[in-house]
Structure formats: C-alpha cells, structure tokens
Amino acid sequence: MGIQLIPGALMCLMIPFVPETPRYLINHGRSEEGIKNLCRLRKLPIEHPYVQTEYQEIEAQVRYEQECHQGHSYWVVLQDIFLIRSNFQRFFLAIMLFLFHKFTGTDSLNYYAPEIFKLIGVKGSSNSLLTTGVYGVVKFVVTIFYVTYLVDRVGRRLPLLVGASLQATAMLYLALYLRFAGTNTDTVGGTPAGGIVGIVWIYIYAFGWSFGHSVACYVVAAEIFPSRIRSVCMSICFFVNWIVDYGITRATPNMITEMGWGVFLLYALLTYAGVVFIFFCLPELKGRSIESIDDLFQRPLWSMWRHAYPTEEEKTRQGIPQLMKGGNEDNADGDKDRPAHIESV
C-alpha cells in the first residue's frame, strides 16, 4: 500500500509550480498576474491583439458574473444549468462523454484483466499476470506521453475519435474470436495464434484508451463550463463517473458468465456509438475562451461537427504572419489583418 503514496507525494510537490488560471486571478483582483499567465498560456506577447481582446472579454465576463450572481444559491446554479440552453448542452455533452468513457469497458479490463487474458488462451497465472502488467505499462507510458506532448498540440476531439475507434475495434475482435474459437481454458500448451492476436489488440486498446478517454474527457469537463456553474457540473459528472464505475465493476463477473463473448460485443457497439456521438457533438476546444464556447453552444448540439475547426488559437496562429507583415502599414490595413475573434456574451 505504501507505494501508492509516491505519486500522491509527487503531485503535492508539483502543485506549487502549476500556474493559476487567468480567469481566477482576474476574478480575485490580480489582473497583472492574470494577463501575464494569459500571455504564457497563449504563447503570445502582451501587446498582441488576441491577448488584449481575450483579456477584455474575461474582465467583462467576470464583472457580469460578480454583478448578477453575487450571493447566489445552489438552486440558482441548478436553474442556470438546466434552463439556459448553452449551459444544458454543455452539461449533457460532459455527462455523455463520461458515460461513453465507462462504456468502453475499461473497468472490466482493469479489474479482471488476468481472467480475460486466460479466456483468450494465456496459460498459467504467472503468464496472465505478466500480460496484465504489460497492459498497465502501455497505459502508463502512453498517458504520460499524451499529457506531456500532445494534449495541447492535437487537442481533445481527434484523440477521442481515434482512441475510441481503436478501443471499439479491439473489443469487436475479442468478441468475434471468443464467438468462433471459444474460450480456451486448457492449462497445457501455448497460447493459440488467435489468442496472441487478441493480446496485441488488448494492448492496442490500452493505447487507444490512454490516447483518448483516459485524459480527454476530464480536460473537456474542466474547460467547457462557465466558472459560476463549473464546480457543480463537475461534481455531478464525477458522481456519474464513479457510480457507473462501481456498477460495471460489480456486474462484470456475472456478465462474463452469462453473456460470454457478448460482453465484448456490447462494449464494442457502445464504443462505436460513442465515436458517432463525439464526431457530431464535440467541437475542438483547444485554444477556445469561455466566451467563445458560450457562443458556440448556442447552436444545436448535433451541429457541432460543422463548427469543430478552426479554433480561435488556429485562426490566431494563421493571422500572426499577416500581423507582422502589416506592422509597418497604416492602421486601417493593420486592422484588416487582425485575427477574427468570436464575440463575447
């Protein structure tokens, strides 16, 4: 049990080095620190039009929230969540992401991996534990790589689509293999060829999980909500996440006994359904401000795929060369080259 203290202790040591969000700093009267962190976040100089525009929008939104929601109760927050269309669409999207996050079957694999490896023909307890250990290592390495190098480069939408597709295909292979080859419970001989392919697909599943659902849905939930409802919405999301986790974990042994290969087919179909949902309903959120997300979710949820790209950050990056080129031109020409920015609420 003591080894579990190590990651917790490392996290506590690193927390002081995590920069505070610009919105929090501005909301607490620390505007200078807020705009510095905003420049750090956007990787742009303080005089850049995009930074100045977003800073002004954050200030306006903070003033609005302070004036309109000072001393508000949880009842008012719940009304904001369920009665304001853009808020409810974001809440529904986050809840569905967490449900599909669990419907990939990751909890069944995490808790019952040795038994599942035995089903596809891995012989002996030591071998099944070894393959389970490799499964865990793959998840750990890919998650660290994704969080460190990719999450703010490739965004959230594409990893979820790619990762969930790999997970669904892996589950489909396991279902078809167990359906036509049957469960292999012999304790002698080697793992059959189809079982070896199944092991590879489980490792691909681990890659897809770590590249997509393992991180991205938590990131989306953290950045999609306005600050006045964020804590309540995320609390509900995490409650749904863990209550479904508990239900799936308790049900998995009986499901495998009663349904056999059908369990993996069910997970495959649910995960493919999740891919369709993500494609149509989840826009790319990388680089978007809360104000632009407010505007984005005024549209129907099923039309989000039409507005998934480009994000504000991408439009800004495309506009930087023109801004630099037009730096010596007159103001009228310079204004024409400024990056577009979604209007604030």
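Cβ atoms are placed via backbone N, Cα and C, with glycine included.
Feature list (source: TrEMBL):
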| type | residues | note |
| --- | --- | --- |
| DOMAIN | 1-286 | domain 'Major facilitator superfamily (MFS) profile' |
| TRANSMEM | 133-151 | transmembrane segment |
| TRANSMEM | 158-180 | transmembrane segment |
| TRANSMEM | 200-220 | transmembrane segment |
| TRANSMEM | 232-249 | transmembrane segment |
| TRANSMEM | 261-282 | transmembrane segment |
| REGION | 313-345 | region 'Disordered' |
| COMPBIAS | 333-345 | compositional bias 'Basic and acidic residues' |
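The stretches the transmembrane segment (261-282) and the transmembrane segment (133-151) are not in mutual contact, being linked by fewer than three Cβ pairs under 8 Å (pairs 6 or more apart in sequence).
Stretch with the largest number of CB pairs closer than 8 A to the transmembrane segment (158-180), among 133-151, 200-220, 232-249: 200-220. Taken as a whole, the domain 'Major facilitator superfamily (MFS) profile' (1-286) shows an average pLDDT of 88 in this prediction.
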